[in-house]
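Over in TrEMBL, the protein carries these features:
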REGION    1-29  region 'Disordered'
DOMAIN    78-246  domain 'AAA+ ATPase'
BINDING   GLY86, SER87, ALA88, GLY89, THR90, GLY91, LYS92, SER93  ATP binding site
REGION    383-456  region 'Disordered'
COMPBIAS  396-414  compositional bias 'Polar residues'
COMPBIAS  439-456  compositional bias 'Basic and acidic residues'
DNA_BIND  533-552  DNA-binding region
Amino acid sequence: MPGDAPLRSVSTNVKKRKSTGSIEETKTRLAKQPRKTLDAFFSPQIVASGVSTDEKFIREHVALNAEQIKVLKMVVEEEKNVFFTGSAGTGKSLLLRAIISALRKKYSKKPECVSITASTGMAASNIGGTTIHAWGAITPGMTNIDKLISYVKTCKPAHQRWKNTKVLIIDEVSMVDGQLFDTLAKLAQMLRKNTDRPFGGIQLVITGDFFQLPPVTQGKKEPFFTFQSEAWAKCIDNIVNLTQVFRQKDSRFVELLNEMRRGEISPTAKRTFIGLSRPLQMDDSLLPTELFPLRNEVDRANAARLTSLPGPSFKYEARDSGAAPPEKRAKLLDNMVATRLLELKIDAQVMLIKNVDESLVNGSVGKVLGFYNVGVCSASVGPPAASGPQLKKEGSTTAKPKSNSQESSGSISKNAGFVRNVQVGPDGRTPTGHMQIPAEEKENASSDLKTKGKGKAKDEELFPLVEFRTPQGKEIVLLARDEFRSEDNEGKLLARRVQVPLVLAWAMSIHKSQGQTIQRVKIDLGRVFEKGQSYVALSRAASMEGLQVLRFDAKKVMAHPKVIEWSKTLEQLTSEPISTVTP
């Protein structure tokens, strides 16, 4: 295969060509950015006025290391096609968000030039994008180029995306089928009427880890990876292997994960993982999130835990809308991380699916203390907790940054669905100064909801009060309804869901956990069946102290032979801070 050819090293000390890719110096107000789809996840703050992407500037605004800064400059200033990879925790997501932020600034007057996609709906939601299939109007399984071109041309928004896009970002590329990548490359050339340039002249920014989950195949058919495709060898000029691990600070844990990543478990590593079968030591009532290979296993585990809790259920039905045709809108809504129906009880273990700040992020796990309205909790706010700074959510009205006065008063902005730093009484549950709500008033939170989005006002509806465990300790937050959106590249609203930004967190699928960092993780390797699943599951843990592994079996630690062989070409990249290679 073309993608299997050895890669040769190219020096990075080359004279840069003059490029129009530098961020322009301007003091004028940037054009209004379109809303990001779904959750507007945080981006490192890169200011575009009066500066370029020089190292000093970036170090002042973004926590990137030297190899990440080099990649950022390759993409934004030098406008190169880049694939960057690395083991779990090497900062791929942080770098990607920095790149997205910088590109949005660079193309602020023409936001349609930057298209953000991923292989799955969950991965797309993490970066404020859409799936590559939805972006390109690609029918899964269809390979006839003429039919695809005809279909795209009848879909005006998709056709415009193909013609207007200058930079295409693809995240979690390990799950993108190689045949699909070839199809996309041919479509780009023909729809843009530019057959002389790879991918029709679109700049590609691709990231992911091929040692993680592979493309989905039918039956026992072998996966065909993107790096095996004909287009990969033609399109990807620069490959960067990130090496510094940020997520796992324990160097021994990093070594173990790297062994697991390649499917090469030493006797010492085996003994260590077997030793992780012990129950986790916890100083609170939060249980480790258990990861399962199959979604139905997750649903059963969460339902069983919820049923075992005493007391009434509080059900929150999503309020859905959008301009997409019913069938398409239903698919978009189904792919959203926010559920159609959320059922909670007191003491339910939940996970936050929105970013609030650097300490309270997507993936934070907490416990429901009770159910109260916004007014009660706003009147019970104490001094701000020692949390990180409010994250700038560029282009989003979903959760606007609050001023210090807003945080200290506990007020909720028009669209931000949370009250921070709620203080509770001696019982550890009831907001201070608030009399215990009589049992007869603890009605189902959604019992009076009407159809078609009608229901109680936000200040009347009862919402979950959640105690989260954060790196700084604990924080109690009221979570009201928030907005999740899916838009096309022109900003047209296709699907919208208003829902409490929580999911049950006793269990989670390995597939959905990819890209998450979880403080406490439990995994039964006896259930694992796919190559890459064990590595993805265990690398979600922030440390060995927060990881419990049951039925460890070295035979279940599988890396795909094709990936192992291809990855040997990357080994030369680990001896220097950063290198690039070309096919």
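Just so it is clear, glycine is given a Cβ too, placed from its N, Cα and C backbone atoms.
TrEMBL entries are annotated by machine, without manual review.
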List, in sequence order, the same-chain residues at least six positions removed whose CB sits under 8 Å from that of LYS92 (ATP binding site)?
PHE84, THR85, GLY86, THR207, GLY208, ASP209, LEU242
According to DSSP, does GLY89 (ATP binding site) sit in a helix, a strand, or coil?
coil
Number of Cβ atoms other than its own within 10 Å, given for ALA88 (ATP binding site):
25
